[in-house]
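Asker: The domain 'Peptidase S54 rhomboid' annotation in TrEMBL covers 62-202. Among the features that TrEMBL reports, transmembrane segment is placed at 71-94, 100-120, 164-181, 187-206, 227-244.
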Amino acid sequence: MFVYTMYVNDCPETTGSANCVGFEQLGRFSFQPLSENVLLGPSSHTLQDLGGLNPKFVVDKDQTYRLFTYMWLHSGVFHLLANMLCLLFTGIQLEQEFGFLRIGLLYFLSGCGGGLLSCLHSRTKDRVTVGASGALFGLLGSNFSELITNWTTYSSKCSAFTELLIIIIVNVCIGIFIPGVDQSAHYGGFFTGILLGFILLMRPQFGYVNQSYIHAGHDMKKREPKYMFYQYLLCVIALVAFVLG
C-alpha cells in the first residue's frame, strides 16, 4: 500500500524533481522534501485523498469510510518500519496462540476504535491521521486483558504483568514525546483492544489444553471447569461496554 501511495503522490510532478528526496534513484516514487515530511513519505494532501482520517470530513461530510481506511496508510518509511516492528513484537505471539481470524478481527476493530476516538476528540480540527498505531495499541490492550482473564493459567504472574506494564508505559511515553502523534487514536485503540481481549481471548483451564502449555506442579487429576466464572463475567461486562460504547 505504501508503494501505491508513493506512486499516486508523484512528487516530481506535483513539487518539482529538484525538491524531491531520492529523485535520481526513485523517480516518480521519490519522497516529498524534508521540510514537508521528515519521515520520507508522501504529502498530507495525498494521504487525505487516499482515505486518511480527517475529523472534519468524517463529521461534516459523513465520510465514515475513513475510520477503516486510515490504518492502512503511513506517512513515511520510518513510520511504516516502526509500526511493522511493533506488529512483529506484539502480534505474532497472539496470532500463534489465538489464530489469524480472532487477532485479525481484534486488530481491525481496534484501529476503527482509535479512529473514532480521534474524531470525537478533534472533530473541529482539519488534520490528517494515518497509520496502524491505533490497531497496534489495540493489540497491547488485548495483551493486558488476556493476562487478566487468563490469570489462573499463568505460572509467572508477576513477571508477566511487570513485563507487559513496562512495554505499555514505554509505548505511551514514545507517543507523548514525539510531536505530531495522534494520542487519541492510540488511547481509543488501546481501550477497544482491552474490551475485545476479554471477549475474544479467553483460554480454557489446564484440563482442556495441550499439556505443553501446563506449568510444572499442576495437578492434572484435579478436574476444573473449562472456563472460570470470572472469565465469563469479564466477557459479558466487556461485551456490554463494547456494544454501548
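Glycine too: its Cβ is placed from the backbone N, Cα and C atoms.
Bear in mind that TrEMBL entries carry predicted annotations, made automatically and left uncurated.
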Asker: For the transmembrane segment (187-206), could you work out the same-chain residues 6 or more beyond its ends whose Cβ comes under 8 Å from its Cβ atoms?
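Answerer: For the transmembrane segment (187-206), the far contacts come to 94, 98, 102, 105-106, 109-118, 133-146, 148-150, 152-153, 213-214, 218, 220, 224-228, 231, 234-235, 237-239, 241-242, 245.
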Asker: Tally of helix, strand and coil residues over the domain 'Peptidase S54 rhomboid' (62-202) according to DSSP?
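Answerer: Its residues fall into 110 helix, 1 strand, 30 coil.
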Asker: Sequence-remote contacts (6 or more beyond its ends) of the transmembrane segment (100-120), Cβ cut-off under 8 Å?
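Answerer: For the transmembrane segment (100-120), the sequence-distant neighbours (Cβ-Cβ under 8 Å, at least 6 residues beyond its ends) are 53, 55, 58-59, 66-68, 70-71, 91, 94, 129, 132-139, 141-142, 182, 184-193, 196-197, 200-201.
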Asker: Determine the mean pLDDT over the domain 'Peptidase S54 rhomboid' (62-202), rounding to the nearest whole number.
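Answerer: Averaged over the domain 'Peptidase S54 rhomboid' (62-202), per-residue pLDDT gives 89.
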